[in-house]
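Taken from TrEMBL as is:
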type	residues	note
ACT_SITE	133	active site, proton donor/acceptor
ACT_SITE	209	active site, nucleophile
DOMAIN	1-284	domain 'Glycosyl hydrolase family 59 catalytic'
DOMAIN	292-406	domain 'Glycosyl hydrolase family 59 central'
DOMAIN	443-616	domain 'Glycosyl hydrolase family 59 C-terminal lectin'
């Protein structure tokens with residue numbers, strides 16, 4: 001759920017951000033885009049909607065991943081696409097929190113997503129994963145291959161298991177059928193190392209999720225180091241960064257752990273961070289299908305180099321000399337090592353002996369003054385009789401290449417940063433919305449979608465509706481309630497107003513909230529000020545999403561299948577609530593949290609509608 005806020009950036013800024021990410025020879029020029037196959041459940045920074053909320057339901061226009069893949073392909077038709085589920089809708093497990101009891105259903109569900117990508121968006125998915133950082137089932141993987149082939153998707157390759165090198169590598173060694181259907185072994189955060197069994201399989205080895213580090217210059221150092229050393233130390237020929245672009249509220253888990261930052265659609269502000277230009281050192285001078293030369297890429301004074309060729313005479317060498325403290329990734333812990341200034345001499349042999357000039361691109365991360373020099377073209381380097389030398393300082397990246405295509409592009413400065421608007425309204429009155437979700441709402445459990453209320457002749461034809469009615473097969477501990485957050489995490493005093501419509505009789509219920517202090521993988525622990533009304537006519541005020549810390553309760557007279565207006569006012573250490581414009585409760589003392597988002601949601605996984613949302 002990391003691209004959530006990107007979709008409602010105004011133009012031209014949205015296109016500029018996408019150009020920096022995907023346009024060849026422009027910025028990051030990415031080779032791979034990996035997306036979540038939405039499963040209606042929390043996947044780190046929010047929930048992404050499934051293409052099949054219910055068994056009899058199929059919709060290939062939900063969420064933002066279809067759009068993102070199309071934008072990437074529009075800029076680079078050769079980009080490779082990968083899909084991977086983090087979670088699954090509840091019906092797939094028939095009530096169990098497990099996707100492998102009915103592997104034929106799970107395979108059908110995943111293959112439907114791949115077929116839908118082609119049918120509705122003309123997108124060819126290149127690789128498909130199993131279940132992010134969770135158990136794999138050999139039986140399911142074999143059935144997935146069979147189901148893909150049955151639907152004419154022989155070209156879709158399987159990557160497994162997006163966790164650790166083991167046990168997948170060991171199981172592939174002893175199960176020849178499994179070995180035959182897994183094309184790539186993908187490990188997460190491998191620390192540049194692999195294991196013997198993985199090498200013995202003879203399969204491609206990928207770091208299929210890595211980086212995840214705050215995107216300052218240390219993050220850039222981490223990224224530079226692992227892009228090289230994942231191959232040098234671990235034979236990995238692809239490295240995939242979580243995540244693409246920080247387009248989610250920064251106070252959610254792992255804020256700004258992305259290649260660049262675009263978390264303010266309301267202002268248009270974004271920032272091309274240094275990891276973008278570190279990426280360019282590799283991506284602008286190689287392509288999928290190039291081969292790594294099998295040389296020992298460790299430099300004597302510390303640091304590393306890799307060399308790649310297209311097999312047609314082109315050569316690209318990437319050198320990094322990142323020091324330990326300036327290249328720590330978020331995980332795993334980094335053992336100590338030393339890097340010193342050094343002179344490195346390279347010898348080109350065989351067909352490369354004839355190379356006379358190499359183009360030079362250079363970055364130097366400057367941790368003293370903060371004036372880093374990023375992706376600058378230097379004078380070409382003369383190669384004499386297949387030999388050249390280079391003086392390397394610490395915390396540098398060099399690309400030496402026969403290609404003359406590199407380019408450092410730029411757009412004018414985007415608008416300056418602005419906080420989220422202090423007065424914000426959404427009446428959800430949009431006939432053909434470009435996306436299924438209302439802008440800026442970040443669902444943290446459940447899925448909130450635009451809804452056309454055909455049965456309502458009055459003011460509530462176009463609403464926002466919570467649509468997940470069964471607990472999904474979760475990836476982390478989603479809340480037992482549904483919740484979507486919005487606004488500025490630093491907000492203290494606020495008034496939240498919303499029209500609400502409970503659809504579930506007897507034990508249905510909804511809330512509006514302020515000062516909500518948590519989301520993402522920690523959503524179960526969210527505290528704040530929550531104003532609930534229930535179908536049985538009662539109300540509650542609680543200090544937590546779980547509803548355990550009751551601050552006030554009583555009778556409200558709200559009923560299901562009728563519209564009511566809730567207003568929550570929080571000032572200093574006191575809160576009050578109105579129902580349909582009349583005071584219902586007041587002078588409730590609030591101790592903490594002292595700030596947080598506004599939010600709305602439901603008591604359980606149940607249908608409910610919201611309209612005319614207003615926060616001030």
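Glycine is treated like the rest: Cβ placed from N, Cα and C.
TrEMBL labels come from automatic prediction, so no person has curated them.
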Neighbouring C-beta atoms (10 Å sphere around the C-beta of the residue listed as 'active site, nucleophile'): 23
Please give the average pLDDT for the domain 'Glycosyl hydrolase family 59 central' (292-406) in this predicted model. 97
To the nearest whole angstrom, state the Cα distance for the pair the residue listed as 'active site, proton donor/acceptor' and residue 209 (active site, nucleophile). 10
Taking all protein chains shown into account, the Cβ-based neighbour count within 10 Å for residue 133 (active site, proton donor/acceptor) is 14
DSSP tally for the domain 'Glycosyl hydrolase family 59 central' (292-406), helix/strand/coil in that order, comes to 8 helix, 51 strand, 56 coil
